[in-house]
């Protein structure tokens, strides 16, 4: 059945900002969808609020709107563009919920827009817990005993009927948000309360606990002729109770019997038919009892999901691409398999290798968060590895996580019986470190029965881990490392570093082991991912390494450039770096064979047809060097680009160069000039530029000396980190003493992992009340091109990755911009940059200070590119390959005159706002972790607001980042520190003029009353122990108060917005309780005066709801006209 001819234009909704449970996989799926639609001659209208995505590049759609995914905005775009159809199944839960809201508001009917990919009814049946339960029953399958609740009273009745433990699952949420396992009434009330709040339909499913059962997933696709294929079965190594996104998962399934698998297939096919997904894909999760084989259907996603991306990368079967074609009316037998180019999509993929996915967590960013893994997803990223067997695949996946001590290690003394007993107790509770603890217990003598009893991980997987330990012990104890033994170690997934440690050689021994391995002729070979277990030839070069006999690499003629990706998403190194890598691949592919190396299954860069060759491999020195050596034999290699993937590839630069690998762009020595504090100080000195007073320290005594010389407050951080990890503002000796030991230990441990010499602790003068600026620029050795000058909305002290910023800057003078331009030129020249550089500055009392410089792609490059209409990373790639800025102006990649530092009257304003994951992280007693922003980055993603002026653009950024955006009326609670009280009267007057009622604590109300400003007084909250947010709460009744504290009012829904600035010492007493309650209630809250002032401007601007909606294609045309007029 050929495609439908009545659909001429399609609107695609993206997934918005990267959040836990919904990450880069939807950029991958959305990009595939846009490419398919355009290939089919269909006009594409794309809406997504996330600028750091490939799908929002202007060439991906005919009209691209970087706008909030909110019903009023979507209606404006629909009214303007008049699409024939809406495709919501490739943008995660955000797009599904947006489509449902448009349907319920009558917008789709009003503008005659058809929903394709899944109907509203199918979405409802798949997402609504009660309706889905009926579908499962009708399919002849079994659900866990369960009931629906919409209130805590109903929840209690269900608990009486079923008993504990109980699983809470909200309707219409993603990543298990608001879900959890309750073992008693207190936990049930806490989890169910959150679940009801986060569900847009105020609905939760309460079901019997099935913890410890085995968990499986099926990815299915169905066309309108009722053809169904099972793309990939996935097995969770962790049993039911840990969210699949937080579990180690494998494909194919290892512990299912053939009969069980066939039964899962039959149930899955019956469910996809029953739900009504007839032009797309879905993901279904099952639980299987380990002894009886009883099967329970857990849930489904009637859309492309995170697991779909994993299944696509694991098999080479492009689920999102095929789902888009199905939505257009094609059938599975009409769609060709791109990889074989000879089989149809109705052929189910077969794999002859093992795929393992390992999650990456960020608990270190959220002190106090409960590290227990539950049904609510907490991981921020994931890595995937392919190999010939499970042991090798697991070892590769664990080292792909790129986190200290995430691979198995046998350092130190063998655990004692007492320690083994402690470890067995610890692994009862699933945490990020469970597998490392489990291996240590095995090393110490724990039996398989003991480990199974503690974890309920299937014995098949445990046996494999026991075998890895057995091999490690053989390596450790052998007199000599024979070729046979070294190969056995490799087949067990052990890296050269792990073997070196087992042999007592430490990190330095990695080179010794590699040289020995090469002497033995023991090198990995590279196999092809072909979807058909080598039944047909693969046309696409998508490779993984393993220790087998024959390589499948093919010779090539063109010179190649190898680009190192950024690995798993994490806080501080996210999708922005994949964006720059993809741009480099796209641009350099015109003249070179591009070779991509990455291990993140969520990303566009790991799409099989994005580069000329794709290596799905860990980003470690060993793995990258082997790829380079293998590619050298296949054809000429110009070099490796390490500048685009963030800190991970950058940390390999020096060792790769020392091993004879040519590094393109900025050299490792030049990178060191910017990152080594002493060397960078010399660069600034020559350029006659100011830096905050600073010192370095390798001991507490040195740190004290430096802090006293500089003067408090100081900013303390380890060297060579990304995302401000370990960074803190310190106000006195006591705080410094507490910080130093931990920070020093982290810095030294990191240097061991990255192969660097021990690096010092950096101590800077903290610039209070300064304006912070980010500058992204290109430099070719002679000419500078400013990509963008971004002014932070918050004052200095908030990490640039968490700060809101505006481009063009809103308060900088022409003279200040000139000084920024001259300073950036001097730094780029002094550091011998070739390619991208990011410099962070601060203006304090009109004195310009340089905070730091990074000679690499920064996380603001995508934002600056979208705001200025210039693909900076594409130009950077060509400069790294030896071309000049003048060449890029000539070929049209850069503006013929001027650059992104020029401000044109009438230019649209872009505001970047960060999205923070605080609602995901709770303390052991259920409170959210504190949201105070500081110098350590904690955001997972970003959005962009785009409009005619700063107030409108800022309002859009808030609407995109937070459900509902900013209120235009209602009640505002204000509590500010003593320093901020002098700015309070003007703010309060503005609030009154805008029609808000003010609520305040006694001290703040007293200040306001002196200026004749009325406010309602609320009781103050304080905790007995200032630093302990879990301490019991005492309430102090203030004179004239309403008899309630602000937390009571927030919980009663009587507060609409909060300004709560902490005192300078970061006291967490009152502020913590207020901020935690506000997170639970999803209220807009501000912890800096400057951002609250911006919010007031925004509220004033949007009271009339007159947003300007402009596509980025229209924006680029407008910019070009303004530039032409000016020059």
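Placement of Cβ uses the backbone N, Cα and C atoms for every residue, glycine included.
For the recorded site, residue 129 (ATP 1 binding site), the DSSP three-state label reads helix. The ATP 1 binding site feature in Swiss-Prot is assigned to 129, 169, 175, 176, 208, 210, 215, 241, 242, 243, 285, 299; the stated evidence is sequence analysis.
Per Swiss-Prot, the feature domain 'ATP-grasp 1' maps to 133-328; the stated evidence is sequence analysis.
Mean pLDDT, taken over the region 'Oligomerization domain' (403-551), works out to 92 on the 0 to 100 scale. Taken from Swiss-Prot, the feature region 'Oligomerization domain' covers 403-551, and the record attributes it to sequence analysis.
Among the features that Swiss-Prot reports, domain 'ATP-grasp 2' is placed at 681-881.
Among the features that Swiss-Prot reports, ATP 2 binding site is placed at 717, 765, 767, 772, 797, 798, 799, 800, 840, 852, with the record citing sequence analysis. Close to residue 852 (Mn(2+) 3 binding site) in the fold, though at least 6 residues off in sequence, lie 674, 680, 839, 840, each with a CB less than 8 Å from its CB.
Secondary structure at residue 840 (ATP 2 binding site), taken from DSSP and collapsed to helix, strand or coil, is strand. The Mn(2+) 3 binding site feature in Swiss-Prot is assigned to 840, 852; the stated evidence is sequence analysis.
According to DSSP, residue 852 (Mn(2+) 3 binding site) sits within a strand segment. Taken from Swiss-Prot, the feature Mg(2+) 3 binding site covers 840, 852, and the record attributes it to sequence analysis.
Residues or ranges marked as Mg(2+) 4 binding site by Swiss-Prot: 852, 854.
What Swiss-Prot records for 963-1127 is region 'Allosteric domain'.
According to Swiss-Prot, the domain 'MGS-like' annotation covers 964-1127, on the basis of sequence analysis.
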Quiz prompt | Residue from 717, 767, 799, 854 whose C-alpha is spatially nearest that of residue 285 (ATP 1 binding site), among the binding-site residues | solution = 799
Practice problem: Have a look around residue 215 (ATP 1 binding site) and count the other CB atoms within 10 A of its CB, chains all included. | Solution: 23
Self-check item: Residue among binding-site residues 129, 208, 215, 854 with Cα closest to the Cα of residue 767 (ATP 2 binding site)
Solution: 854
Practice problem: Among the binding-site residues listed here (242, 767), identify the one with the smallest other-Cβ count within 10 Å. | Solution: 767
Self-check item: Inter-residue Cα distance where the pair is residue 717 (ATP 2 binding site) and residue 129 (ATP 1 binding site), in Å
Solution: 47
Quiz prompt | residue 717 (ATP 2 binding site) CB neighbourhood, other CB atoms within 10 A | solution = 21
Self-check item: Nearest of the binding-site residues (208, 242, 854) to residue 717 (ATP 2 binding site), judged by Cα-Cα distance
Solution: 854
Practice problem: Provide, as an integer number of angstrom, the distance between the C-alpha atoms of residue 799 (ATP 2 binding site) and residue 242 (ATP 1 binding site). | Solution: 32
